[in-house]
Structure formats: C-alpha cells, structure tokens
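Novice: Here Swiss-Prot flags Gly173, Gly175, Lys176, Thr177 as ATP binding site. Annotation source Swiss-Prot lists region 'Domain I, interacts with DnaA modulators' at 1-83, citing sequence analysis. Here Swiss-Prot flags 83-128 as region 'Domain II'. Taken from Swiss-Prot, the feature region 'Disordered' covers 89-131. Feature annotation from Swiss-Prot assigns region 'Domain III, AAA+ region' to 129-344. Among the features that Swiss-Prot reports, region 'Domain IV, binds dsDNA' is placed at 345-469, with the record citing sequence analysis.
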Amino acid sequence: MSEWDYKIFWDEAVNQFKEELAFSIFSMWFLPSKYEKSTENTVYLSVPSKFFRDQMIHNYKNGIEKKLFELSGKKISIDFIIKPNTSEDLSKAENEGGNDKKEDAAKPSSAESKKKSVKTEGGRGQHPDLRPEYNFEDFVVGPNNNFGVNAAIAVSTNPGSAYNPFLIYGGVGLGKTHLMQAIGNKIWDTTKLKVIYVTAENFTNEFVECVQKKMMPAFKSKYRKADVLLIDDIHFFQGKVETQEELFHTFNELYEKNKQIVFTCDRPPAELKNLSQRLKSRFERGLNVDLQTPAYEIRYAILLKKMEKHSTKIPNEFIDMVAKNVSSNVRDLEAALTKLIAYTELTKKTMDEATAKNLLRDIFGSTRQRNVTIDLIQRTVADYFSISISDIKSKKRTKSFSFPRQIAMFLCREMTECSTTELGNDFGGRDHTTILHGCNKIEEQIAADPSLEKIIHELRNTIKENTNK
C-alpha cells in the first residue's frame, strides 16, 4: 500500500468521525491531529503536545485504528509525533489544518526544565506575568475538570476560533488560574501572538490610575491591541460601573477582531450581582466550563503529582490520609502535603500516623465540611425534580425517575466518601456497576449539555447550604 493510499484512508476516516462525533469533540481533537507520514501498516499523526498525545491514545486511538481497518481491510496502527503549532498554523480556520514546521519536541513537565526550553518563536523567553509551572502537563485531569481541560487545550491550539470568549468558573483552589495560565503559556510558547494576563483587581486599579493621570489612550491601546486577553477573577468587577463600561468596549473591539478572550470567575456569570446585563451576556456568549471539587481518586493523583517535584517522599499511607480528609480544594491539599514534607525534612524523623494527624489537625478541621449524607443528596434531588425518595430508590426505569436517580448517584459519588457498593445498597440494592454506569452517563451528558451542568451546580450548592444549617 502506498503512502498516498494511507493518506486517503485517513482523510476518509476523518470525514466519518466528523459525521459521528459532536462538533465540539471533533474540532477539539481531530482538527489539530494532522496526517504526517506513513510506513508499512503505521500512520503517523502530528499533535500539538505530549498532553494532547496522551489524551488521543487514551480516548481515540483504538477507535481510529478500528475505523482504518473497516476502510482498508488491513490492520493499521496509529502513532503520534509531537509538533507544537506555529503561529501560521494557529491563524488558519478550524476546517483547515496546515503543516507544522517545528521539529518533534515534547514539552518538559517540570517548571525548571520548562524555564530552560521556552525560547520559541523568536526566543521570547518566559512570559513575565505567567507562571511556568502552570502548564497542561502538570494539570491532573479527572471527571471534575475533564471537559474544561479539553476545551482549554482547544482554545490554546486555535485561539480566537475554537471557543471565544472562554470562561472558567468554580470555587477557590480548583485550578482556574492554573488552567487559564496554561492557555497563555501554550500560546506564548508556540506563537508570536501578544498575550496579556491580568487580574480583574489589577485591571481596575490600572484603569483608575490612568483616568486620574489622563492616560486613557495608553490604557486602551495596551488592552485593545492584545491577541489574547486573560482576565482572572472577573467577580471583582461587581459594582465597578466605570470599569465595567471600559471592559465592555475592550471586549467588543477584541471580539470583532477574533482575538481570544479568557475569563475566570468564582461562579457562573448568571449569579454575578451588580454587573451590567450587557456585560454579563458577553461573558455567557462563548463557552462556560465548571471546575468541580475533585473526588478521592483525583485528590490522591494530585498529591502524587505534587510530590514528584520534591526529593523527599511521603509514604502512601499518609498521602491516602490527606486525600481522604481534605476534600475542599487543591490548595488545601498542597498545604497539607507541604506540611508533611517540611516536617520530614527538618526533623529527619520517621513519621507515624499519630504525628501526621497532629500536624494536620488544623487543616483537617478547617477543610472538613459537615457530613454530606446520601440521604441529604437523595432528598435534595427528589425535591428538585418533584419526586419522592422512594422513586429515587425504586426500580422504575422511565426517564422522569431514572434521570434524577443517576444525578443523585453522581452527586453521592462526588460529595461523599462512600464506596460504589455502599451507594448501591442505599439506591435500592443495586450493584456497584449500576452506580458506575449512572455516574458515567451523567458525566457524558454534562460534557454534551451545558444546561445539565447548571442543574448539577445548583443542586451542589443547595446540598452544601443544607449541610451548614
């Protein structure tokens, strides 16, 4: 089979995936994956990063190989070449890929090696306002943030075209700033685009100072000439009428020029108070994604990832202790891990369980929420959908009952430490595979339906409020 034949089969596979997949998924993963070359029975695709490659291998490699077999009648393997996009590539429309021009290169995962290797596209060096350790490779992905991470990668791969504006919201310490700056770092490292990162507070302070010093032309020029504008913590703009007015006009000018705009917020835009409706509508115009509290397994993985950066290693039993007792956010997980590492390094003593619990008692005490029970979640979901708890636990399969039941399963798995077997017992004697199926079903629907994401967010808030009563 000639290389041309392999290319034809790949192009046809892409066309079929375009018909079969949601456009958001197709544009996120298949448009940036480009045919590079082929050898006997292997097709090589270029992808923009190591993280992107790993996700393609995990989620799509088997499906692609199956599709190629169906088309060609031969077993064809897929392999990946990492080629960070050039600015020329990024300027092309979503329906056209173009060829990459850089040599194969994988991004280093550590902040130190990243600092040494970011001289790309003209040797600009590290962005002065972005932290190098905030990159996609160091971001632990799980069901609580998978949709947001995938969308962020799409934005960084095709700024101004994929999702614009792009807004990331969620509670304190869940990775909003990390994800935003990862977008900025990726674009800065791989293109010549002008990237501006600013907190909403600093934007406001700078605006006030420029008004007082009659320097507004310079202020407008700075922000309206950005190719990528990243504004962190936009909830700070609440009640800042004049700043909102300036941001509104800055937004419009950048949006009309197809410049990428990214925001973070501690809540959905609809819940912001004292914010002009027209600005709120701008925030909601593009894609809004919610970063949720990580489940136990993801908290454990985050701690292991953080520990990679330290020479001192903490025994897994204490990592498990932290993951089980700190469920609030990533920042608190880091604080607990840092305390254990500091004790080990400074005292040179072997840590035992009693010592670890004593060291972390303040963190455990301040972050542990009052118990969220299965019963509370079931009651909250039942009330929301105007059904009874017995309906939630019943074997009824009509959608009016099965859908709320699966949402309750999803929230129980996220907000409690109960095993799937325990959850099955409290959901009418179901086995653990039924619980997993229900949770997975909701995760898939959240990724495809933003309105469901809002329902989950509202239920989660109601449950948390009820635990504090």
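Every residue gets a Cβ built from N, Cα and C, even glycine.
Have a look at these and tell me how they're positioned relative to everything else.
Specialist: Take the CB of Lys176 (ATP binding site) and look out to 10 A: across all protein chains shown you find 24 other CB atoms.
Along the region 'Domain I, interacts with DnaA modulators' (1-83), the predicted structure has mean pLDDT 84.
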Novice: Identify, among the binding-site residues Gly173, Gly175, the residue whose Cβ has the fewest other Cβ atoms within 10 Å in this structure.
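Specialist: Across Gly173, Gly175, these binding-site residues, the one with fewest Cβ atoms within 10 Å is Gly173.
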Novice: Near Thr177 (ATP binding site), which residues of its own chain have a C-beta under 8 A away, given they sit six or more steps off in sequence?
Specialist: Tyr134, Asp232, Thr264
Novice: Centre the Cβ atoms of Gly173, Gly175, Lys176, Thr177, go out 8 Å, and tell me which other residues of that chain have a Cβ in range of the ATP site.
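Specialist: Surrounding the site, in chain order, are Gly170, Val172, Leu174, His178, Leu179, Thr264, Leu291, Asn329, Val330, Arg331.
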